[in-house]
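Here's the structure we're looking at; comments come further down.
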Number of protein chains: 2
Amino acid sequence: MSSPSSILRRALLGRPVASSAHDAPRLGRWRALQATSSNALSSLAYAPDEIILTLVAAGGATLWLGPFVGWAVVAVMVLTVLAFRAAVVAVPQGGIHRMARTKLGPRSGVLAAAALLLDFVFTAAVSVAAFAHHLSVLVPAVDGLTWLVAGAALVLVLLSALRGDAGRGRLIPVVVTAFVVLLAALVAVGLWQDGQGRLAAASTAGLTVADAGLGSAGGLATALLALRAFSAGSVLLTGVEVPLSATHRMARPAVRTVRWVLAVLALVVGALTVGVMHLAQRTGAVVALDPAALRHPDGTPLAPGEEPGPVLGQLADAVFGAGSPGATAVIAVTCLLLLVAARGSFHSFPALASRLAAEGYLPRQLRVRGDRLVHTWGVLALGAGTLLLLAVFRARTALLVQLYVIGVLLAFTLALIGMVRLWRGKLAHTPGVRARASVRLRYLVTALGLAVTGLAAVVVLVTRFRQGAWVALLAILFGALVMGRIRRHYRAVEAELAPDPQDDARALPSRVHVVVVVSTLNRPALRALAYARATRPSSLEAVVVDTDRQATERVVEDFARAGLPVPLTVVAAPYRDTVVPLVRHVRSRRSRSPRDLVMVFLPEYVVRPGWRTLLHNRTATRQTRRLQREAGVMVGSVPWQIHEGDPRTGDRTPPDAVGHTRRGPRDSAP
Amino acid sequence: MSSPSSILRRALLGRPVASSAHDAPRLGRWRALQATSSNALSSLAYAPDEIILTLVAAGGATLWLGPFVGWAVVAVMVLTVLAFRAAVVAVPQGGIHRMARTKLGPRSGVLAAAALLLDFVFTAAVSVAAFAHHLSVLVPAVDGLTWLVAGAALVLVLLSALRGDAGRGRLIPVVVTAFVVLLAALVAVGLWQDGQGRLAAASTAGLTVADAGLGSAGGLATALLALRAFSAGSVLLTGVEVPLSATHRMARPAVRTVRWVLAVLALVVGALTVGVMHLAQRTGAVVALDPAALRHPDGTPLAPGEEPGPVLGQLADAVFGAGSPGATAVIAVTCLLLLVAARGSFHSFPALASRLAAEGYLPRQLRVRGDRLVHTWGVLALGAGTLLLLAVFRARTALLVQLYVIGVLLAFTLALIGMVRLWRGKLAHTPGVRARASVRLRYLVTALGLAVTGLAAVVVLVTRFRQGAWVALLAILFGALVMGRIRRHYRAVEAELAPDPQDDARALPSRVHVVVVVSTLNRPALRALAYARATRPSSLEAVVVDTDRQATERVVEDFARAGLPVPLTVVAAPYRDTVVPLVRHVRSRRSRSPRDLVMVFLPEYVVRPGWRTLLHNRTATRQTRRLQREAGVMVGSVPWQIHEGDPRTGDRTPPDAVGHTRRGPRDSAP
């Protein structure tokens, strides 16, 4: 089995892992936090950028709004997490999808699931795109190659995902911890410098957009701008739901662990976000969707190479000094964290897809675990989806984010609607004052969470509708529709295939007619005839489809000469089609008595390596496919392994081993 | 059968044609000439251009060489045709390929065939590219869309080719005749005007190339230039061999008919070429590979829209007046002729490919005639090759021609070497003075033809080597190599499959073990078990591959409950692979006695329409493919047609018709 491809496979993906390795020990609090927080933390690498570039696009005079928008986003995030912390008590397993389904029914569950699946694809795409963006700060040589770097990162992450958890080791916890520590240090030092009045300005401070529509317009325009910035920044919410779907891997009591993880995660992400937004405002850092529109205070455009880098990079340069070890470390660990976040999507997506497949909403292949215990099809599907997004959006983070947020907010809103209903129901049925007080608190927290996520969803939908939110919405609706249809199909098939007591499928056919299709009377055909006779059928005939007069005559002659105890039927094919006349003949054989079974034996050559198969008529394949659509017909393939060519095949499978034993070296002695 | 796709197919390609329609009446002299001359005639639309642009690239001072180069090319063509006229007496069937093979052996035959196949691809590509070029004279709007127009023309020609000869009608003879008549009129009127001193100058007369390397250099450089122009012009030779391969379609005595056709064809093409080259020189018509390099006599570059059109168009404008009905007619009929020539390739290529496939040099599919009696695969292969050439060369005639000629000249040279040997052999064995004189004349004519084609081949190879002749040469050699390997493969397979008297393939296996693979004990599995029992095997077992503990336990329980008289074996699959453990089990079944046969029955769902198949595990397909590589194993597919979805399928093939008859309306009455 060690063909070159399987050696390569082993080298890249490792040895197969037995199913018994599936039951890994559960994760403690800190390990659980580290394992599930990369998605939420990675938002810090692009959420501030999104807020600032929205404000800058309006001229830059409104940059002072930045910290306020940051506070608003963090507030929504914290309220949502509080609602989740309440929800997990009632629905400890299954995450957002299950929450939405519990009270709103399968349709809403599927809608939330579709939104989350799309969200995971966007997370992977945004993460590798942002990775390429940040890497270009460290390695200026890759600056123009965003698309290439993002693609390479995707391949890397994909390979790691195909290797599975077995090879993960301790890299991820280290990266996550280092990111949090470094970012905390950045914020702390920066704010301390600011307090001392020693905070340096960002290299981009003072840049403005040439001809912004807004300038210093009125209050309504400013409010609208703040809403737009808020909707861009709400990308920060993505990923806070990840711990919810990992409770089954957390140390018992799992609910308590996950509640702790959620709280700490919200605290860390919230504090860091507020800190970063404040620092950004104080240093005057500027980023822009289109750097060519930026102008120096004196009106001159940017020189080549002066394009602003990501916000975290600008802050690290301002606080630690450009090119200092500290600044380099911040960007390097951000790059790593973005890869870890993409890798996280390659865990979350296949897991959710597999759960949906188990319920019949997605193709069953998504449930299959490959030889590394990984949901191979899920990983590959996500890889393909991510590649598509990267290609469509040319790996530009800012464009990707436009479509990103609506999916998460929709899923959160659906889940929290379900939870509000659940708590309201519980409230009505909970006796006792203290218990009722606890439930009422949860009800209120959930309602508040729902109010803010719902509001955020409306804001995003309204302010981003034309920039692509409608595409994401359509994609989610379409995905939910398809998932519903898939489930209907599986249901119908299952119902049809279920055996019932008076089932006729168990009844033996009363008679078996065997038809052997012969195109040349060569050894494969002779073997097929022998095999067919070995089944001792009620009736047996050989059939030749007459597409070529000369060839048919030769078969008829050979057949007569061979003296086989089998009648030969010539089926006319005036239009040279080998399939339809054969099917008609087989059908006519059966229609004489519908309780009969027709077995069609087709001699087939098996040729390897692959390219040689192009040299042989695929007639048998086409005949098989068509005959399989006939009722009461069974198709038997009698393979003949062509020896020539691949010595490996030849050694293992002697082509003529049936009917005689291979002669040993004894026979070849003189 | 009238699905939307089959209705579209009928509309585009017409109804199926019975094999009996194959024997069409033979063509008389004029019909044969019209049917086989389009390829040779179409060279008139680009050979003059090629000669002139080669001369112009050297500065334009050597344009006076044009008519002489024309005469030289025509002389080579006429001598080659004379040699062919002699050859056809000895080798009346099979054309160039057969001529080369007769005395030089199969290798040279294959080389000539490969060269001719490549030549046909180039003919198709050059013709549609030249069509687009000429059409832009009539319809200036398509000027920048060469690639698009050429592609559209290719699709049109391809569709016509797939319709086959049945739909051809009388369009081709009319186009060919009209082209010859109009071109003869153009030349005659032009020369008469010239005699009267009233011939107008071409609109491009006097244009020169900005900084040509040669200018008015010495004699050696002029001679080299003349050779380069000759090799460009020798594209005129392509197509004169077409009548040779159509003798079986010509009126008897076929040899006399084809000799007449060859003579008239050479005469017509030769006279028209000489006339056109004279006219071009007299009117001073200029064309250039790169119009941007052209300059007016006063040194100014061309204005947009002043780029020179094709030579025939310029001459027609000069003789009949720009925009006159005569000039328009010349270009229009040239466009049509180019389409007819491309269509001709779509006849020649599949015919030659089919002949080579019959000899085992190409995949057998190329012999298959589709339902319109067309060699569908050959037509599609040529279409793909042409599209590739158009894409690589961006549909620019002048670039395509660079690689075009070498194939024809190589094939002609090989054929004439063979013919020289043949006539020399005949000369030695021919008794009688008069007969010897006739053979000697043919020998001399052939030798002369060989000398000039060989010389032309050398000239082309030397002067065009770096512009791409080496690519064409490599492609031909590679093609011949592949064809040789294909034949070796077919030979080896044939030898292996040939039955011999003490053949063991005829021996009945001593015992038949049947293995039924079950993954769920549903109705398809029950049916597979029933069918397996109906074959009354020596032993029968059901097998479940244990990839999922719960599912396996369910099957074991269901099996016990069903009370089937069949033992159930559980095959361990610790790595969740469903294929290898099954194959191992099957192999172990057989190795106990190698004279045994193992039949593996696989229940398969047949789902339609196609996209639904994505929703079902393709496990059975993968198991089948792998089991077919095992010796002494037969694979039986027990299909179950899933009813749901496509009502058409449901009506025709009741999914549960075996085992009981369908209830009629009688049963549903109250």
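Cβ atoms are placed via backbone N, Cα and C, with glycine included.
Fair warning: this is a prediction, and the values are worked out from it, not measured in the lab.
Per TrEMBL, the feature transmembrane segment maps to A:68-88 (among others).
Sequence-distant contacts of the transmembrane segment (A:109-132), counting only residues of its own chain at least 6 positions beyond either end whose CB sits under 8 Å from a CB of the stretch, comprise 39, 42, 45-46, 96-101, 142, 145-147, 149-151, 153-154, 157, 235, 238-239, 241, 310, 335, 338-339, 341-342, 344-346, 348-349, 352-353, 356, 361, 382, 385-386, 389-390, 393, 395-397, 400-401, 403-404, 406-408, 410-411, 414-415, 472, 475-477, 479-480, 483-484. Among the features that TrEMBL reports, transmembrane segment is placed at A:109-132 (among others).
Sequence annotations record features per position, and here TrEMBL assigns transmembrane segment to A:144-162 (among others).
Residues or ranges marked as transmembrane segment by TrEMBL: A:171-192 (among others). Away from its own ends, the transmembrane segment (A:171-192) comes close to residues 31, 34-35, 37-38, 41, 44, 199, 268, 271-272, 275-276, 278-279, 282-283, 312, 315-316, 318-320, 326, 329-330, 333-334, 336-337, 340, 343 of its chain (Cβ-Cβ under 8 Å, at least six residues beyond either end).
The transmembrane segment annotation in TrEMBL covers A:212-237 (among others).
TrEMBL lists A:258-280 (among others) with the feature transmembrane segment.
Among the features that TrEMBL reports, transmembrane segment is placed at A:318-342 (among others).
Among the features that TrEMBL reports, transmembrane segment is placed at A:373-393 (among others).
The feature transmembrane segment is assigned by TrEMBL to A:399-420 (among others). Beyond its flanks by at least six residues, the transmembrane segment (A:399-420) meets 46, 50, 80, 83, 86-87, 90-91, 96-97, 99-104, 108, 111-113, 115-116, 118-119, 122-123, 125-126, 129, 231-232, 234-235, 237-238, 241, 389, 393, 443, 446-447, 449-450, 453-454, 456-457, 460-461, 464, 467-469, 471-473, 476 of its own chain at Cβ-Cβ distances under 8 Å.
Taken from TrEMBL, the feature transmembrane segment applies to A:441-462 (among others).
Annotation source TrEMBL lists transmembrane segment at A:468-486 (among others).
Annotated region 'Disordered' per TrEMBL: A:640-670, in sequence order.
Look at TrEMBL and you will find A:643-654 tagged as compositional bias 'Basic and acidic residues'.
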Fill in the blank from the handout: Among A:68-88, A:258-280, A:318-342, A:373-393, the stretch with the most Cβ pairs under 8 Å to the transmembrane segment (A:144-162) is A:373-393
Problem - Same-chain residues near the transmembrane segment (A:68-88), Cβ under 8 Å, at least 6 residues beyond its ends - result: 47-48, 51, 55, 99, 226, 229-230, 233-234, 236-237, 240-241, 244, 247, 255, 258-259, 262-263, 265-266, 269-270, 273-274, 276-278, 412, 415-416, 419, 423, 441-442, 445-446, 448-450, 452-453, 456
